[in-house]
Amino acid sequence: MNTETKDNLVIAVAGIGMLLSTLDTGIINVALPFFKAYFETTANITAIAVTGYTASLAVFILPFGLLSDKFGKLVFSYIGLILFGISSLLCGFSTNIQMLITFRILQGIGAAALQATSASLITTLVSKEKSSSAIGILGIMIGLGPILGPSLGGLLLSLNSWKGIFWLNIPFIILGVLCNQKLIRYISETKYAKTVDYSGSLINGLFVVLLISGLSLLSSLTSIGMVLIISSLLVMGILIKVEKDRKTPIIDVMNLIKKRSLLIYLYETMAFGFASAIIFLMPPYLFETVFKLNSGLTGILVLGAPIGLVLFSRISSAHNDGLKDNLFSKYGLVIILCSFLLLLMYQPFLPYILVTICLFVYGIGGGYFQPANISAIMKTTDITSQGSIGSLQRMIQNVAIAIGTAVGSLFLNMWSNKIMTAIKFGWITAGGLIVLAIVLELVIGKRALDN
């Protein structure tokens, strides 16, 4: 197999895995009211179909990343594709809400294997000449998934095809499996001796389940949600204490303490994940509640962010030779901050198309930031632990998106009669996290790089 064919197949496998796993994070959100009526259940139980997927993804992604270093990235991405495909098929055959929740949890486990290996497949198997472009494509897939999910879900529901929400994945899964099989047949991956930290994985899993459960209840059952969130923070403290003393930890706490630059990159990942959740959540409320626009036009107007991200992920990757990761990350964060400042200054008497332009500016920033951030994180760790560091990056971003969605929803519930106030608080909170990321990059990041 020649290098170009190998590169293209690896990019296809990584891209398909990332697109489908991020797409299905939110594709059924728009269908929750339908499933509540269809399966004759409650809204809280129906919502477990979403939180179950997110929780299982976040719980399994770290151990899968480590195991992919031990047994091979292609093997684990193949397992992920098969499990994701079978569970997607079974979701469409669900006859009650219990079946749907069970298969969605299995789908999340498959998604964990896909996300744990996507970046490491590129950094370990794609040629250096094409790696920046490949990371750019991965950034596009990460950005497209969350915004395309609700749009496609709404379209399929309008066509009276709820099963299509899940069966839409099958053709892409088949393509990914075929590409993966060919790679496994012709490529021999280097595998590394790894010891699985079972107790660390269990504690991390408990932390994730408590946190995501708490976040999901924050708007409806605030007191219970807060208890679960506080409990998750206590468990996180235990996790950090335990992992500091481990020779082979699931999260290398000591490495994070020593490598301040890595810690900053991961905080930037978190800030971007939170900001992305806000940027996807708030605009539909602005267009539909304030401007009284229909859902069809709203769906078009919110495309500003993903269009900007797709275009500028390609542009930034084409101009990044691998030596401009920090520079492009800074550019991206500054542009993202500018978009939030513009959104904060926006007033409802102005044309609503200006909001779409602001979203496009956000997409430009995301296009510069995300590929460079992923690349910088992957370079902080040697070749033996690419799966582990890639899975940590994805877990942090997924959890940050869940936090951003929960906080944004809380604002919307608190100021349900003052939507503009809720939206502005969303912009301020996300913008504040981005400001902190810029400050850390400029002050501490420079010292870390100098050292």
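Any Cβ shown, glycine's included, is placed from N, Cα and C.
Here the structure is a predicted model, which means the values were calculated and not measured.
Marked as transmembrane segment by TrEMBL: 9-35 (among others). With a cut-off of 8 Å between Cβ atoms, the residues of this chain six or more beyond the transmembrane segment (9-35) that come close are 41, 43, 46-47, 49-50, 53-54, 57, 74, 77, 80-81, 84, 88, 97, 100, 104, 107, 110-111, 114-115, 117-119, 121-122, 125-126, 130, 134, 137-138, 141-142, 144-146, 148-150, 152-154, 157, 162, 165, 169, 172-173, 175-176, 179-180, 182-183, 398, 401.
As annotated by TrEMBL, domain 'Major facilitator superfamily (MFS) profile' applies to 10-449. Confidence across the domain 'Major facilitator superfamily (MFS) profile' (10-449), taken as the mean pLDDT and rounded to a whole number, stands at 88.
Annotation source TrEMBL lists transmembrane segment at 47-67 (among others). Long-range contacts of the transmembrane segment (47-67) within the same chain: residues 21, 24-26, 28-29, 32, 35, 76, 80, 97, 100-101, 104-109, 111-113, 115-117, 120, 194, 196-197, 201, 204-205, 208-209, 212-213, 216, 250-251, 387-392, 394-395, 398-399, 402, each at least 6 residues beyond the stretch ends and with a Cβ under 8 Å from a Cβ of the stretch.
Taken from TrEMBL, the feature transmembrane segment covers 74-95 (among others).
Residues or ranges marked as transmembrane segment in TrEMBL: 101-122 (among others).
According to TrEMBL, the transmembrane segment annotation covers 134-159 (among others).
Here TrEMBL flags 165-184 (among others) as transmembrane segment.
Beyond its flanks by at least six residues, the transmembrane segment (196-218) meets 47, 50-51, 54-55, 58-60, 62-63, 66-67, 70, 224-232, 235-236, 238-239, 242-243, 246, 248-251, 395, 399, 402-403, 405-407, 409-410 of its own chain at Cβ-Cβ distances under 8 Å. Summarising the annotation, TrEMBL assigns transmembrane segment to 196-218 (among others).
The transmembrane segment annotation in TrEMBL covers 224-242 (among others).
For 262-287 (among others), the entry in TrEMBL reads transmembrane segment. Distant neighbours of the transmembrane segment (262-287): 143, 146-147, 255-256, 293, 297-298, 301-302, 305, 329, 333, 336, 340, 352, 355, 359, 362, 366, 369-370, 373, 376-377, 380-381, 392-393, 396-405, 407-409, 412, 419-420, 422-423, 426-427, 429-431, 433-434, 436-437, 440-441, 444-445, 448; these residues of the same chain sit at least 6 beyond its ends, with a Cβ under 8 Å from one of its Cβ atoms.
Among the features that TrEMBL reports, transmembrane segment is placed at 293-315 (among others).
Per TrEMBL, the feature transmembrane segment maps to 352-369 (among others).
Per TrEMBL, the feature transmembrane segment maps to 395-416 (among others). Using a Cβ-Cβ cut-off under 8 Å and counting only residues 6 or more beyond its ends in the same chain, the transmembrane segment (395-416) has close neighbours at 25, 54, 57-58, 61-62, 115, 142, 146, 208, 211-212, 215-216, 218-219, 222, 266, 269-278, 281-282, 285, 422-423, 425-426, 429-430.
Outside the transmembrane segment (101-122) by six or more residues, the chain places 10-11, 13-15, 17-18, 20-22, 24-25, 28, 45, 48-50, 52-62, 64-65, 68-69, 73-74, 76-77, 79-88, 90-91, 94, 131, 134-135, 138, 374, 378, 386-387, 389-391, 393-394, 398 with a CB less than 8 A from a CB of the stretch.
If one looks beyond the transmembrane segment (74-95) by at least 6 residues along the same chain, the residues whose Cβ comes under 8 Å of a Cβ in the stretch are 13-14, 16-17, 20-21, 24, 64, 67-68, 103-104, 106-107, 109-114, 116-118, 121, 125, 163-167, 169-170, 173-174, 176-177, 180-181, 183-184, 187, 189, 387. Long-range contacts of the transmembrane segment (293-315) within the same chain: residues 136-137, 139-140, 143-144, 147-148, 151, 154, 279-280, 283-284, 287, 352-353, 355-368, 370-371, each at least 6 residues beyond the stretch ends and with a Cβ under 8 Å from a Cβ of the stretch. With a cut-off of 8 Å between Cβ atoms, the residues of this chain six or more beyond the transmembrane segment (134-159) that come close are 7, 10-11, 14-15, 18-31, 34, 118-119, 122, 126, 165, 168, 276, 280, 295, 299, 302-303, 305-306, 309-310, 313-314, 316-318, 320, 363, 366-367, 370-371, 374-375, 397, 401.
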